[in-house]
Structures are given as structure tokens and as C-alpha cells.
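In Swiss-Prot this protein carries:
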type: BINDING; residues: Arg25, Glu82, Lys123, Lys474; note: (6S)-5-formyl-5,6,7,8-tetrahydrofolate binding site
type: BINDING; residues: Asn229, Ser248, Ile250, Thr253; note: K(+) binding site
type: BINDING; residues: 229-234, 248-254, 273-276; note: GTP binding site
type: BINDING; residues: Ser233, Thr254; note: Mg(2+) binding site
type: DOMAIN; residues: 219-386; note: domain 'TrmE-type G'
Amino acid sequence: MKNNEIDTIAAISTPIGRGGIGIIRVSGKLVPEVAMKLFNKIPKPRTAEYLTCIDHNGSIMEKVITLFFPEPHSFTGENILEIHGHGGQMILDLLLDRILNISSRIRLANPGEFTERAFLNEKIDLIQAESIADIINATSYQAAKSACNSLQGHFSNQIRIILNKITNFRTYIESTLDFSDQEISDISYQHIYNTLQNIIDNTNQICKLTHSGVLLRDGIKVVIAGKPNAGKSSLFNSLINKDRAIISNISGTTRDILHEYIQLNGIAFHIIDTAGFKKNSTNEIELIGMQKSKYELSKADHILWVIDSTDYSHNNSYNNIINSLKKELSSNNIEAVFITIIRNKSDLSFEHNGIDTTNKYACITLSALLNHGIDLLKKHLYDSAMLQIHKNSNFSSVEENQGNFIARKRHLKILQKVFQYLLSAKTQLQYNMTVNDCFAEDLKKAHEELAQIFGKLTPDDLLEEIFRAFCIGK
């Protein structure tokens, strides 16, 4: 640990403001001294005690409940004292100030420093540390549940299995390289190939599960797009159930990107309203808006392509609609995301609201202005999200998910790199029909890359970025 981290740290762990209970947390070597100064005794370990807290003159400050966890059997691996008092901000500030003035070696904790100490003292790994923040910041029931699974080690255990396999495999390969002047036998070659293929298959599967974990954490990104005045903003307002976007008959009202989160049956959805795609526009602001819209489309998990149903006949418009959409999307992206065509303004075209799934892309007829067909669209969004998550995991509903974990884009990028290094090693093996230094180097890179998920070999600036994203007191 760093020199400044040998200090004893203290912070208010509950949110700022008034509440029924306020909690102060203290961690470090000087916790027993703090307890003696505040209570004239050291509380019983792992036992809730109702004690009187006194100031430096011996006057009563507060009646509190204390919890004392001696090192190393605590969250941080250090002595920890939790003080549970009344939730008024003034009394909490006074108690914290009293603690900080006991010794010059007691200071206010940095954001996330309690969790950082738990990581540095090997009480948790980096995945579990990140999952604590994900529990706090969860935007849906499913995200919170999956983050709890990650905290329990579900994700870490699966990564550790692959890491151990690579470690053992590297040990075997290094011993083989010691006899590099001899060709390996057919039996040895097949063993090496099968072992590598098994690791590749395991890594590929965990990549898929991790992608599902990223979707659960960040929410399904739903981008509403289309031509100006098709009713995109009306649809946006209907989905989020509030008047967030300006609605007008004037074409091109939306110039910037609007973001909102909603939750459908425990799954978070990131709903995005975009500027319309106007043909042959020379307006600089409109062009900037359309460029932003294209960027959001390139990052979408699900695209709602909105059309004015009065501009397209129901029977002959499908191919024209898809062609107009393809103009705004890269050829790669259009096959990688869910796309739903929204035939809006059914109140003006006098069409029946409903969903048509006979073509490649589902088509939903609705009236965003009158809120007709919105429930059908929400069900479609949820069903599509479950398909996206289900194709990478082993559950088909929120209730069935008992072992899925939450993940971050950082984890997915690392695993994708590991997968590529392993594929490179396989190519080397197939081409040379033996192991060599290049093969061993690919395995080494895969090993080192995967270790970064746990925080091993992870740059200090990345660790600092991860822990400083926590609130103070966590």
C-alpha cells in the first residue's frame, strides 16, 4: 500500500442530508485509540453496542450504536469501527470532526478508499470491487441482482478457471520449449491442440456472457431515428412517460440528442431521441445534428426507425423504408442490431395498431401522440432485449436468472483481446505443426491481459479512475 494509505481514514458513509440513521466509518491502525477517546472503551468485536459518545471535554455528544471489526477479519482487512447515530447532518459533521482531531494520522477518506483498501489487502478482487459500485449505481432490478452475483464471485470464478488453465498450459509449453531441438510427437501435438481449443472455447463462451453482463449494467441502448417530423420526439415522450422532448409540427425541432432511462420488467433501457435525417440539407446545425444521430445509431443495441404512416402505403413501402435506413447505417451495423420499423401517426392514416413480424424486421403501427400501441412496443422492446441477453446466457426471463453476472466494457475489451491472442496462438500451431517462441509469446500476452481483469498488472491510473468513481465513505 502507498505511504499515505497507512493513515487511519474516516468518512460519513450515508448520503448527505437528514435521515433516520447516519453512519460514520473508520478504518486503520488507530481505530482502538479512536474508540477509547470517544467511548472510554473498545467495543466488543462483531457485536452491536449502545454507547455514549463524548467530546474532548468529556461532555456527551450523542448516543450511538457501534460495530467493531478487528483486523484482519473486516471488509478492508484493517481495524474497522462503524458508528451508527442519528441522521442529522450537523451531528454527523460534529462526530466526524471529533474523530479527525484525535490524531494527525487520521484523515478524511478519499472517494472509494475503503473499497480500495479491501482490494489492496486482497479481501476482494477488482471485479468484486467494481461490482460494489455497480450495486450502488444499478438502474434496474436485474442490474442490481447481477451485480450482487458478481460481488459473490460468480464472474471472478469463471475468469479464474480460464486463467488457471492458461497458467498450467504455459507451464507445459515452457517445458516443451526446453527441448525445442526435438519435434513433438503426434500425441503431444494433439494434446496441445485440444488443450488450446478448450481454452479458446471457454474464453469465447465467457465473452458472450460478459457481453450480456455489459447489457445488464449499461442498459439496452434504444435509438429512435428517422426523417424529420415523423413523430420521433412524440414516441420518445410516450416511452419515457413524460414531456421531455419539444413537440412541434415544424420539421427539424430536435437538433440535439436526448437521453432517458426506463425500466421494463427489471431490465434497464437507455432511450435516445435523435435529430431527423433531412435530405440535401445545407444547414450547419442540422448537419451537426445528423452526424450525432449517425454516431448514436452506430452504438445502438436496438433501432426504432420511425416513419410517418401517411407518407408510405402499407403494402409497398417496406423495401423503400429499409433502403432509407441502410443509407444512414454502416453495412456491418445493420446486421448486428435489432431493428424495428415504427409506422407512426396511425390516428391520421386510419390504420389498425399492431405488430407485423412477417418480414425480416418487425413493424409496429401505433400513434405516439395518442399513446396508442405504446404498451405493445414496450413488450416488444423487452422481448427483444431478452433475446439479446438469452442468446449469450442460459436464462430466458428475469426470474430464471440466478447466476448471471454484471460486467463492464473494460472486462469485455480485455476478454476480446485474450480471445484474439489465443486464436493467433492456434494459427501459429497449425502453421508450424509445433510450438515455438511466437506461440509461447501469444500465450504470455493472453495470460497477462486476462490478469488485468483482477487488477494484477493493471496501471495505477486505471485503478485510481475505478476507485475515485465511488462515493466518499465506500
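For all residues, glycine too, the Cβ spot is worked out from N, Cα and C.
Lys232 (GTP binding site) falls within a helix when secondary structure is assigned with DSSP. Ala275 (GTP binding site) has Ser233 nearby among the binding-site residues Arg25, Glu82, Lys123, Ser233, Lys474, counting only those with a Cα within 10 angstroms of its own Cα. Across the fold, the C-alpha of Arg25 ((6S)-5-formyl-5,6,7,8-tetrahydrofolate binding site) and the C-alpha of Lys232 (GTP binding site) stand 48 Å from each other. Take the binding-site residues Asn229, Ser233: by the count of other Cβ atoms within 10 Å of each Cβ, the lowest one is Asn229.
Taking Cβ-Cβ distances under 8 Å and a sequence gap of 6 or more within the same chain, the neighbours of Lys474 ((6S)-5-formyl-5,6,7,8-tetrahydrofolate binding site) are Ser13, Pro111, Gly112, Phe114, Thr115, Ile132, Ala133, Ile136. For the binding-site residues Arg25, Glu82, Lys123, Lys232, Ala275, counting C-beta atoms within 10 A of each C-beta gives the highest total at Lys232.
Taking every pair among Arg25, Glu82, Lys123, Lys474, the residues recorded as binding (6S)-5-formyl-5,6,7,8-tetrahydrofolate, the greatest CA to CA distance is 18 Å. Comparing Cα positions, Glu82 ((6S)-5-formyl-5,6,7,8-tetrahydrofolate binding site) lies closest to Ser233 out of the binding-site residues Asn229, Lys232, Ser233. Summarising model confidence by region, the domain 'TrmE-type G' (219-386) averages a pLDDT of 84.
Rounded to a whole value, the Cα-Cα separation of Asn229 (K(+) binding site) and Lys123 ((6S)-5-formyl-5,6,7,8-tetrahydrofolate binding site) is 56 Å.
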